[in-house]
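Annotated heme c binding site per Swiss-Prot: Met32, Cys137, Cys140, His141, in sequence order, evidence recorded as similarity to another entry. The annotation signal peptide is assigned in Swiss-Prot to 1-20.
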Amino acid sequence: MKRTMIVVTTLLLGAGAVMAQQEVAVQQDNLMRSQARSLYTVILKMTKGDIPYDQKAADEAIANLETDVAKIAKTFEVNPKQDVVNATYGASPKVWKNKADFDSKIPPVQKAIAQVKGKITDVASLKAAYTAINDRCTDCHETYRLKLK
């Protein structure tokens, strides 16, 4: 009986650890998806004319990016050692092998956002803002994002 309890407890602890790791991976994925919604679903689509220019939506997207980018370092503190089930992209193990370099990619994105915040007034200025921000995001994605599918 004692042995059975030990085995069951060990299995439950192991399952709990796996679930906790998946939860961390999901939090990381959700943060990156939120940024993608702001940058690509709103800003990029406006710059391409896929959706009409909307000053309020553009300002909200920039504000959301600013908030989300500030969360990156903390959200990626822990390596979940697994990817989100059925995710298209995931974080490379390089994030945690070279955390200082990963973290150093965040301030340039924040600076790009700060430089355009409050200065977007039309599609042309939105295009310039998109390019400035996306170029900084790409600097990190080239090294630290993996295509899973």
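A Cβ is built for glycine as well, from the same backbone N, Cα and C atoms used for every other residue.
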| request: Enumerate the residues of the same chain, Met32, Cys137, Cys140, His141 excluded, that satisfy the criterion Cβ within 8 A of the mean position of the Cβ atoms of the recorded heme c site; list them in sequence order. | output: Gln35, Lys105, Thr138, Tyr144, Arg145
| field | List of residues, in chain order, with Cβ under 8 A from that of Cys137 (heme c binding site) and at least 6 apart | value | Gln35, Leu39, Val109
| Which has the fewest other CB atoms in a 10 Å radius around its CB: Cys140, His141, the listed binding-site residues? | His141
| remark: Quick note, Met32 (heme c binding site): same-chain residues at least 6 apart with CB under 8 Å of its CB -> Tyr89
